[in-house]
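K.L.:
Quick one: structure below, then a few questions.
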Amino acid sequence: MRKVSVTRNIGAAAISHIVRYSAPLITYPLLTRGLGADGFAKFSLILAASLILSQFIEFGFGLMGVREIAQSDEKTVKLAVGEIVLGRLLTGTIAIIAYIVFVPFLNIDQLKSTDAIISCIILSTAYGLSASWYYIGAEIVPKLAKIDIVCALSTLILVYFIIDKSSQASLAILLFAIPLWISVIYGHFLALKNLGISKPPLSELFIRAKSAIRFFTLAGIPNVVGRTSIVFLGAFSSPSQVAFYAAGDRLISAATNATQPFLRVLIPRISNLLVSNPSDAHKLFKRATIALVCLATVASCIAALMMPWFVPWFFGPQLSGATLVVIAQLAILPGVFANRSIGMLGLVPLRREQTYQWLTLGMAALSFIAYPLAAIWGDAVTLALSRAFLELGFGIACLICLLRIPHAWNRLV
């Protein structure tokens, strides 16, 4: 199989992440006008619940398997494929059962109906069982980007021709799931055809699931925490506040997920340089971190100036009140880019992964305290600002931990 350059893989992976997680955004003008504010709020809650559930289905198996699939050992590759496929089926079954049991206790009526539960499960499995691990491991990421673009355009066409003022939010969710499920089936077909599969021993599968917790903590928990903000608004605030917050949430998620391909490529690069040339590793870390944080800050400021006319034009007059919310959400980006770049490009290569895990868990614990309070005593703007404050604090904590490592960039020589 012909492989492409690292630069093309990074670019294609960035496009793939942006398209995959911002696909709902391109349909929002149609959804807000077709479903109305209340229908759009329900759609946003189901989407948020689906994305949370998908993280527990994926559970880090994809990230863990990419490295092994990239190896040339055929036996190892087949076992890695088996662990990913069977591991996700195991975690998916557990996650879905837990969701069905847990959702009746939520103080969110929009998520309790049968159609909402079914559509949530269908979309969450489409995201959670994604075959992106195959394309990244096999280093054919441009193909993944093309598939994600086709999925996004297909969703847009389906929503355009099917959604109208009489449509339900659950129908819109299903229209998102259909192209994704086709890509899941096609991707797994290619993976099994080109890589093969071996059934791992059950005991080994549970051991690998335990190892996957580390990847879930680093990559999954931040995404889960971000999605819970909408859920807390649904539980403690009005549908209009949910709709306002959801308007900008896709934009923030797309920008945040666009950092993932850069981090995945730069982590091993910096780790290797730490052994051969620590000075170059330090320079690469500083350049990458400063570039990412500056990019996020400048882009957020420019976007904030555009929001007063962009929000009413893009989302329609029903959501014109979301302008201040979206501007507040843009303040989240510099902190997110800072903590992810410092943590993933600094603490992880310097073998302080456990420190970063504890910081991530601490951030999650504080979020689960701050978000409900912001939703109860404030509104969507309050919640967005509280998240921006927590993300910035997380970044500062990562920087402090990094600076406290003695002779950090020379210790692996």
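Heads up, the Cβ atoms here are built off N, Cα and C, so glycines get one too.
Pulled these features from TrEMBL for this protein:
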TRANSMEM  43-64  transmembrane segment
TRANSMEM  85-104  transmembrane segment
TRANSMEM  116-137  transmembrane segment
TRANSMEM  144-163  transmembrane segment
TRANSMEM  169-192  transmembrane segment
TRANSMEM  213-236  transmembrane segment
TRANSMEM  288-311  transmembrane segment
TRANSMEM  317-337  transmembrane segment
TRANSMEM  358-378  transmembrane segment
TRANSMEM  384-405  transmembrane segment
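Show me how these features fit into the shown structure, please.
P.N.:
Sequence-distant contacts of the transmembrane segment (116-137) (same chain, six or more residues past either end, CB-CB distance under 8 Å): 9, 13, 16, 20, 42, 46-47, 49-58, 61-63, 65-70, 80, 84, 88, 92, 95-96, 99-100, 103, 110, 143-144, 169-170, 173-174, 176-177, 180-181, 183-184, 186-188, 190-191, 195, 264.
Outside the transmembrane segment (169-192), and at least 6 residues removed from its termini, the chain residues within Cβ reach (under 8 Å) are 23-24, 27, 31, 35, 39-40, 42-43, 46-47, 50, 81, 85, 110, 113, 115-116, 118-120, 122-123, 126-127, 129-132, 134-135, 144, 147-148, 150-152, 154-155, 158-159, 162-163.
Cβ atoms under 8 Å from those of the transmembrane segment (213-236) belong to residues 41, 44-45, 48-49, 51-52, 55-56, 58-61, 63-64, 106-108, 110-111, 242, 245-246, 249, 252-253, 256, 260, 340, 344, 348, 353, 356-357, 360-361, 363-364, 367-368, 371-372, 374-376, 380, 383-384, 387 of the same chain, restricted to positions at least 6 beyond its ends.
Taking Cβ pairs closer than 8 Å, the transmembrane segment (317-337) reaches residues 32-33, 36-37, 40, 240, 243-245, 247-249, 251-252, 255-256, 259, 292-293, 295-297, 299-300, 303-304, 307-308, 311, 380-381, 384-385, 387-395 in its own chain, all 6 or more past its ends.
Nonlocal intrachain contacts for the transmembrane segment (384-405), taken as residues 6+ away from its ends with a CB within less than 8 angstroms of a stretch CB, comprise 226, 229, 245, 248, 325, 328-329, 331-332, 334-336, 338-339, 342-343, 346-347, 350, 352, 355-356, 359-360, 362-363, 366-367, 370-371, 373-374, 378, 411.
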K.L.:
Cβ under 8 Å, sequence separation of at least 6 from the ends of the transmembrane segment (288-311): give me the contacting residues as numbers and ranges.
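P.N.:
Long-range Cβ neighbours of the transmembrane segment (288-311): 247, 251, 255, 259, 262, 266, 319-320, 322-323, 326-327, 330-331, 333-334, 336-338, 340-342, 345-346.
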